[in-house]
Number of protein chains: 2
Amino acid sequence: MQTEEEILKIKKVKNTAVRTVVLRHLLSQEKAQSLKDIENALAYTDRSSIFRTLKTFEENKVIHSIEDGSGMTKYAVCAKGCNCDPKDLHYHFYCTNCDKTFCLFDVPIPKIQLPENFKQQQANMVVKGLCDNCNK
Amino acid sequence: MQTEEEILKIKKVKNTAVRTVVLRHLLSQEKAQSLKDIENALAYTDRSSIFRTLKTFEENKVIHSIEDGSGMTKYAVCAKGCNCDPKDLHYHFYCTNCDKTFCLFDVPIPKIQLPENFKQQQANMVVKGLCDNCNK
DNA sequence: GATTTACTGCAACTCGATTGCAAAGATTAC
DNA sequence: GTAATCTTTGCAATCGAGTTGCAGTAAATC
């Protein structure tokens, strides 16, 4: 596992206190985190600073954002080597019971045959249902 | 093509003035519409009435909602015979240039192999990029 | 026709996201 | 080392989509 410092260096993002703690938090969670999740976890860091940190991370492909339909954008650290290209995409699973969002790295997304002259740049693929913990 | 009245009758939704014009507008558009789109198109109909109409339509499977990542939920009339089950799902295409959302009825969604004990109920599959009109 | 129920319009409110601005910190120039 | 410049941070305010309370109106039922 890479340290926060290593990741930021590789992605050419200057290291700061806020960036380190935000990235550390994201790395420590197995589920994608919302701005509010992070804010709650980091009690003494300002929301707008976290917000701007997330934007910076996203621009530099440290993290990717997920719109899971919960009303809050969630963020997860990109897998090693990820470039956020269509080929790096993966499904997300949103649990409608516990409101958690999982990255399904192991399930490949098939190539989608678009209509004539449409061009894919990105995708947001969210499967909704019950996670293993809630499906009892 | 079914009329608004026929659709509402089939879906067992009582017909009212607001419902008719909202459904008519949705049927007249080839792209999924946001609450704001509809509000702008129907100048003399109140936002909250449209909002509640859309909720009613969705509950009764007259329309389906799409979270395309634009920040606004969009709505489109269900295809004939649609039950909004996983088998009725289709991809959506969101154009990042013109902000329009298309239903890709012709592209089947493959069955997704979820991790052990996860259960799919719904899905929101959005491909983002440039539509034929903007890809020039 | 009276009563009950459903729908509509207005206004207010919620909450996640975003921005302006000034202070603090880091970097570069001299 | 110090001044000038650029970046980051924290606070407060704002934005905007979505949502709700409530009273008035319309429709359905008795």
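Just so you know, glycine gets a Cβ as well, placed from its N, Cα and C.
Where the annotation comes from TrEMBL, it is an automatic prediction and has not been curated.
For A:CYS98 (Zn(2+) binding site), the same-chain residues lying six or more positions away in sequence with a CB closer than 8 A to its CB are A:CYS131, A:ASN133, A:CYS134. Per TrEMBL, the feature Zn(2+) binding site maps to A:CYS95, A:CYS98, A:CYS131, A:CYS134.
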Binding-site residues satisfying Cβ distance under 8 Å to any chain B Cβ, from A:CYS98, A:CYS131, A:CYS134: A:CYS131
Any further residue of that chain within 8 Å (Cβ to the Cβ centroid of A:CYS95, A:CYS98, A:CYS131, A:CYS134) of the recorded Zn(2+) site: A:THR96, A:ASN97, A:ASP99, A:LYS100, A:LEU130, A:ASP132, A:ASN133, A:ASN135
Number of Cβ atoms other than its own within 10 Å, given for A:CYS95 (Zn(2+) binding site): 23
Listed binding-site residues (A:CYS131, A:CYS134), ranked by Cβ neighbours within 10 Å, top entry: A:CYS131
